[in-house]
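Copied over from TrEMBL:
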- 6-88: domain 'DUF4062' (DOMAIN)
- 176-203: coiled coil (COILED)
């Protein structure tokens, strides 16, 4: 019979309104039954009691976390979003969590800087003992939600909802055939999304990485004493052959906090000089760009556009979750 799964969508509301709308449309197209605060916004204990009843009827719980912690319930000291999450975990409902990978560089209207500590603690709670998916753009989020939910349903099917008033076998067969055709469409869409997702996340075997070397070019400025006590300078060419692991091991720790392109270039040069006695005073711009693009293609950093307080837009660079894990392997001291 026609079985559909009910999905509870939990998040802060105004900052993720567009993302929620797109996810709901995607779930409806995939024949799920979405539920969330659009139908019953929690703002006090009485309303939250009703939301708990709705969560009880859901088969899966999807949590979206951006850069806001959300409205706090005075009686608990927690946001309603965190309360919803805690209740879903308590009831044993399968939880799928999606965390923004760079929340503190989102526009000011999408952040709550005064609640940053509370948000950090909530993100840590959600990440503890659970595999969370990271997202950066709305399109990445929507694809990841639909794909992850499809995988969870296949691996961990729940009770779901079925119609109980179908009596005529001819009607039933017709409905089954319609569902079969719809399923084929969904399976095709799922396969296409899976291919796109794999293309974005898989390791590129055709890219140089690890112990393979790259020659970094630049110059060193030499100062010499001249006539009458004057100093003069001259530049000499410098080059340093380093493996991609050595390059990332040197500059990676500086990218745990977001940097501008200028900051990335400065940290790259100083870290290489310090770690490998390279002697650079200046780095070749093309080499800097090549290193940036290579690390980006390997999935170790992300490059984005950030608006400054002056209104101008600059290029930002920060390490990814994949980059953090790889850097930990490179930098930690093993027994």
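Using the three backbone atoms N, Cα and C, a Cβ is placed for every residue, glycine included.
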PLDDT averaged over the residues of the domain 'DUF4062' (6-88):
84
Tell me the residue counts in helix, strand and coil for the domain 'DUF4062' (6-88), as DSSP assigns them.
38 helix, 20 strand, 25 coil
